[in-house]
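Data first, discussion second: the structure below is written as structure tokens.
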Amino acid sequence: MDDNESFAGLSREQLIYAITVPLSTSIILANLVIILGIAWNRQLHNTPNYFFLSLLVADMCTGVALPFVPLMGLNRELSFSSCMVAHTFPNFLFLAFLFNLVMVHYERYICIVDPLHYNNLWMHRSFPLALLVVWLPPLLYACLPAFGWNNWTGPDWNGCCCASSQNVTLLSSCSTNGTTCCSYRRVFPNAFIYLEVYGLVLPAILTIAAMTGRVLWITRGQLKDICRLHRSVDRGSQASDQEQRLNLRYTRCVVAVSLTFLACWVPYLIYMHVCVAVLLSDTKWSSTTHIVLSCTGIGSMAVVPLVLGLVNKQYTEPAYKLLRKLRYRWRKTQASEEVAV
């Protein structure tokens, strides 16, 4: 590899770390705040919050793996085992995060749609089995390339660690060092990518969107019933101030949900379909574009549990109390110093 290729690879990695490290740190710290808030409040120690806690752990792991996701689009010189770990482990964490997110939405969806049978759900009766469902299938699917479903025995790929004008020398160097060209095309076959995107990821996102839309529709119907009963009691035909406040609150809820979906899911959907389109056309595309899209897509998707957690005051109350204590002590220290002066 010549100096220009080395500098280009280094600059791409620097760009990845410059984007992902601050985003990853923010995701990890925010998840830790919510996790500690649930751990300190014993009233939150119940099955629904345990599911949400599992989602937060998966989201925090996704934040840890976030810098490694854009690196999967770069060709690197790694051994077979290192290359498999570098690709399958972040994929496993991402799929586990998605499965946990679907489980949390499904649990809350049943709570609203069928509250009478909510406590009799199978996931409440056997919580360890539910955890196994959201963690084990992603692990098994992500490890399929390591079990043999890969393109590793195919031809060597150009534009990798062994690609330059001095082809023979570098090939022998790779073989003596026990390393080869590590590319996502060698780890993930096209069929594997299509199955994951259109068989797992996209149906999961559509399921979450459908459950959220159904909940909003049910809430709208309940709101209409409340307004109708309120008018029958007051014997009035015009909407009262309380009805207007309820309608305004519902409108704000719909706007918040819509903006959250647009901000968190649309960037990832764009990134996912652009990757599939490039894979179908079998053309090379700008590594900078891939880095920006992957960082934005995965990072925005990882914000979804944080939005669900930060809007709940019970989860963030311990952090607010701690901040108030620290601010009170700081003001007290400042006041004592001014008096001393």
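The chain as shown is numbered from 1 upward.
Backbone N, Cα and C define each Cβ position, glycine as well.
Features of the protein shown, as given by TrEMBL:
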type	residues	note
TRANSMEM	15-38	transmembrane segment
DOMAIN	30-308	domain 'G-protein coupled receptors family 1 profile'
TRANSMEM	50-69	transmembrane segment
TRANSMEM	89-106	transmembrane segment
TRANSMEM	127-149	transmembrane segment
TRANSMEM	197-218	transmembrane segment
TRANSMEM	253-279	transmembrane segment
TRANSMEM	291-311	transmembrane segment
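For the transmembrane segment (15-38), the neighbouring stretch richest in Cβ pairs under 8 Å, chosen from 89-106, 127-149, 197-218, 253-279, 291-311, is 291-311.
Most Cβ pairs within less than 8 Å of the transmembrane segment (291-311), among stretches 127-149, 197-218, 253-279, belong to 253-279. Listed by sequence, the residues of this chain that lie at least six past the ends of the transmembrane segment (127-149) yet keep a Cβ under 8 A from its Cβ atoms are 47, 50-51, 54, 58, 84, 87-89, 91-92, 95-96, 98-100, 102-103, 187-189, 192, 196, 200. Mean per-residue pLDDT, taken over the domain 'G-protein coupled receptors family 1 profile' (30-308), amounts to 81.
Residues 95, 98-99, 101-102, 105-106, 108-109, 112-113, 141, 253-254, 257, 261, 265, 269, 272, 276 of the same chain lie 6+ residues outside the transmembrane segment (197-218) yet bring a C-beta within less than 8 angstroms of a C-beta in it.
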